[in-house]
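K.L.:
Here's the feature list from Swiss-Prot:
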SIGNAL    1-20  signal peptide
DOMAIN    49-163  domain 'Expansin-like EG45'
DISULFID  Cys52-Cys80  disulfide bond
DISULFID  Cys83-Cys158  disulfide bond
DISULFID  Cys88-Cys95  disulfide bond
DOMAIN    173-252  domain 'Expansin-like CBD'
Amino acid sequence: MAIKLAILFTTFVLFSLADARIPGIYSGGAWQNAHATFYGGSDASGTMGGACGYGNLYSQGYGTNTAALSTALFNNGMSCGACFELKCANDPQWCHSGSPSILITATNFCPPNLAQPSDNGGWCNPPREHFDLAMPVFLKIAQYRAGIVPVSYRRVPCRKRGGIRFTINGHRYFNLVLITNVAGAGDIVRASVKGSRTGWMSLSRNWGQNWQSNAVLVGQALSFRVTGSDRRTSTSWNMVPSNWQFGQTFVGKNFRV
């Protein structure tokens with residue numbers, strides 16, 4: 001009896017540790033200064049796809065409140081999914097009165113233009129912090145003719161409906177998992193997968209928020225574990241049934257906000 005109780009206690013502790021999440025909520029960051037431009041056309045069709053791998057931003061739930069980040073902010077793709085609050089600042093000629101703020105999600109990369117000076121065309125050159133906004137959201141804070149405006153910005157918690165979405169692409173020997181709709185910090189810095197016949201295996205970032213594994217996972221129920229930049233972890237146990245197919249999307253547990 002004592003041995004059975006010990007085994008049950010050990011099992012409970014292991015599952016509790018695996019499912020533990022760092023307490024609290026993501027609190028965001030302090031206000032900082034940057035600049036903003038716009039791209040993608042009046043319907044934001046030119047913002048689809050992008051360096052984060054989200055594809056159609058409408059169907060993924062990001063809409064037009066999105067931005068491409070300069071090198072200094074993009075962080076080699078690690079900032080994909082992060083949310084920011086922006087205000088047009090210190091430019092009364094072009095900023096809308098009342099300095100309304102907007103909330104945007106990082107979905108793309110604004111590449112540097114080293115042939116141009118950073119204050120005249122090379123807006124996204126390092127070390128410059130710059131947001132290239134989808135045109136519809138830019139027009140909420142400034143006039144079209146401005147072209148470029150100074151902004152104040154800060155990281156804020158991402159508020160998303162539903163759970164974290166995991167879309168599994170690839171083939172038998174190459175699994176590419178796109179992670180979207182992440183609440184809290186919004187970005188993902190570490191991801192793992194567990195098959196029903198395997199232990200936990202780390203996924204490596206392929207590009208943007210696409211994470212890869214070369215393990216053979218076909219025919220197994222899958223669990224996913226992800227960690228945001230705030231070090232909170234969410235584990236979704238057996239969320240993918242064993243008969244899953246490539247191209248399908250599955251919903252796991254999201255972070256508290």
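Any Cβ shown, glycine's included, is placed from N, Cα and C.
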K.L.:
Under a criterion of Cβ-Cβ distance under 8 Å and sequence separation of at least 6, what residues of the same chain contact Cys83 (disulfide bond)?
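P.N.:
Listed in sequence order, they are Leu103, Ile104, Thr105, Ala106, Arg155, Val156, Pro157, Cys158, Arg159, Gly186.
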K.L.:
With H, G and I counted as helix, E and B as strand and the rest as coil, say where DSSP puts Cys95 (disulfide bond).
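P.N.:
For Cys95 (disulfide bond) - judged by DSSP and reduced to three states - the answer is strand.
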K.L.:
For the disulfide-bonded residues Cys80, Cys88, Cys95, Cys158, which Cβ has the most other Cβ atoms within 10 Å, all shown protein chains included?
P.N.:
Cys80
K.L.:
Treating G and I as helix alongside H, and B as strand alongside E, what does DSSP give for the domain 'Expansin-like CBD' (173-252) in helix, strand and coil?
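P.N.:
Secondary-structure composition of the domain 'Expansin-like CBD' (173-252): 0 helix, 44 strand, 36 coil.
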K.L.:
Whole-number Å only: compute the distance from the Cα of Cys95 (disulfide bond) to the Cα of Cys80 (disulfide bond).
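P.N.:
The separation of the Cα atoms works out to 27 Å.
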K.L.:
Using a 10 Å radius around its CB, how many other CB atoms surround Cys52 (disulfide bond)?
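P.N.:
Within a 10 Å radius of the Cβ of Cys52 (disulfide bond) lie 30 other Cβ atoms.
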K.L.:
Tell me the residue counts in helix, strand and coil for the domain 'Expansin-like EG45' (49-163), as DSSP assigns them.
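P.N.:
DSSP classes over the domain 'Expansin-like EG45' (49-163) add up to 14 helix, 35 strand, 66 coil.
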K.L.:
Hey, how far is Cys80 (disulfide bond) from Cys88 (disulfide bond), Cα to Cα, in Å?
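P.N.:
For Cys80 (disulfide bond) versus Cys88 (disulfide bond), the Cα atoms are 22 Å apart.
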